[in-house]
Amino acid sequence: MSFRGLSRPNASSGMGVDEISKSTFLELKQKKVHRYVIFKVDEKKREVVVEKTGGPAESYDDFAASLPDNDCRYAVFDYDFVTSDNCQKSKIFFIAWSPSTSRIRAKMLYATTKERFRRELDGVHYEIQATDPTEMDLEVLRDRAH
């Protein structure tokens, strides 16, 4: 069985992490070329892959609108803000999106793959598990970042 240069798969779910997923995260973290990255589990490839990226000018509303209403996803969002000392800061959020309307099989697959995938994303400041848009709205990010 060949993993074509991929990270070792998760023992419980058998899912690996695509190299492009890792490099795209690093582009968000280091080069600031993405505002957000949405990842999905590709069951045929048996790995976590990039589904969509958002440019640096895109807003949080653009990001939230990119998540499916009835399927699970992982996402990272680069949240920029100004502190009370007037300093420009940035915090990276990992969001495990698992809406209540998604299939049970998808919820289980994403739950068993999450920790392994999350460990590949070195530099995430905060993690949010959301089943509903209100659990990850901009106010939640703002409160966690400050």
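Each Cβ is built from the backbone N, Cα and C atoms, and glycine gets one as well.
Nobody curates TrEMBL annotations by hand; they come from automatic prediction.
Per TrEMBL, the feature domain 'ADF-H' maps to 12-146.
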Per-residue pLDDT averaged over the domain 'ADF-H' (12-146), given as an integer: 95
Secondary structure composition of the domain 'ADF-H' (12-146) [DSSP: H/G/I, E/B, coil]: 49 helix, 42 strand, 44 coil
